[in-house]
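S.K.: Following this message is one structure expressed as structure tokens.
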Amino acid sequence: MRIEDLRKEDWKLNERLEYLAKRGEILEEEYEKSVKEILKRVREEGDRAVIEFTKKFDGVELTPENMEVPFEELEKAYEEIEPEVREALEFAENRIRVFHEKQLENSFFKEEEGIILGQKVVPLEKVGVYVPGGKAAYPSTVLMNVVPASVAGVEEIIMVSPKPNKYTLAAAYIAGVSRVFQVGGAQAIGALAYGTEKIPKVDKIVGPGNIYVALAKKLVFGTVDIDMIAGPSEVLVIADERANPTWVAADMLSQAEHDELAASILLTPSEELANKVKEEVERLLSQLERKEIAQKSLEKFGTIFLVKDLYHACEVANYIAPEHLEVMVREPMALLPELKHAGAIFLGDYTTEPLGDYVLGPNHTLPTGGSTRFFSPLGVYDFIKRSSVLYVSREGFKRVANQAEAIAKAEGLTAHALAVKVRKND
């Protein structure tokens, strides 16, 4: 794991920093052509293309008849998993539900002398949830994506996941998924966006995935809505000299094991801590079941940056705009006002990112690749839409007609002005 020095006035010119800050753009250029081809074929060929790509990328032989997982399999998985895992998933589901219920919006109406104005809030009808599979299975991702949709009142929740295991299926049962299809990758995103013979077209697609999934979501946006660009995972840790190097290293490795394209970054003003964390990462790496994946991730995107002080660390963190931001310093609350761009901010030594992944309650589906500058964590608000509601009586019309007509004439829209004028004589 490399150590870079940013304690200079021109720190933004550091090549490694620029590489990490712009990694979303770099990855897109590399994979976009193949993703476009996959989407094109799914749109034109439907299930046939989905089945072909599933065999090619996942090594799974599908037919139109077995693409959908029978609901009985979800119930069976729920009953078969270990009692402690079932209890943990139900515990997490409840905490996630309670947190997200606070995000619910209500319709409102305001009345004023012949005019009623308001906003009607309604849930989306049909949503697609992508849950990663393959190299790892994520029942927690099922809960984090499905529960907010359930809280919002979405009528039909369609889940897609390549080779879902019993824990993923059990979580789908607990969270209230409507239907499950065992497909993944860009082909699954295309199927949800365009619809196939078996997989229904949805109104919105949510959920994290690899670079193929993230790019596919970006490319189908407009045909359907999406939650965000949630690609390979990232963690950035700000730590001072008193931070525990083993804890810091463990938290960095917890992201590196996700994906070979995951990024693990440390910002610290302490050279001593930087060297100790580097040693601990190397020591702990050998203990991981997924050490090969973590090793490749660290080689590509793992970096320790030396900074001038903690406020400089905040400036660098805002420049990178990470998915997960951990603050392991003596007074973490003091830095919170300085932190502008992060999907989730974990304050304090004990607030390790995996707690947020699983059981705390706030959503773990977060924007990546620098998109925390304009995207927010997944929430109930992603599964609702708003319609403006307007009512004007004859009396209310007289209060606003002249002004509306004047603006219409100024814009040269005579039919607009006429629509107002013809009502004045009533």
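Each Cβ is built from the backbone N, Cα and C atoms, and glycine gets one as well.
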S.K.: Of the candidates Asp58, Asp203, Asp357, Asp382, which does Swiss-Prot annotate as part of the substrate site that also includes Ser233, Gln255, His258, His324, Glu411, His416?
M.R.: Asp357
S.K.: Just checking: which of Gln255, His258, Glu323, His324, His416 have a Cα that is within 10 Å of the Cα of Tyr130 (NAD(+) binding site), counting only these recorded positions?
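M.R.: So the list reads none.
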S.K.: Which of Ser233, Gln255 has the fewest nearby Cβ atoms, counting only those within 10 Å, among these binding-site residues?
M.R.: Ser233
S.K.: Write down the Cα-Cα distance for Glu323 (active site, proton acceptor) and Glu411 (substrate binding site), rounded and given in Å.
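M.R.: Here the two Cα atoms are 45 Å apart.
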S.K.: Please tell me which one of the binding-site residues listed here (Asn210, Ser233, His258) sits closest to Glu323 (active site, proton acceptor), measuring Cα to Cα?
M.R.: Ser233
S.K.: What whole-number Å value do you get for the CA-CA distance of His324 (substrate binding site) and Gln187 (NAD(+) binding site)?
M.R.: 28
S.K.: Give the helix, strand or coil assignment DSSP yields for Gln255 (substrate binding site).
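M.R.: It is helical.
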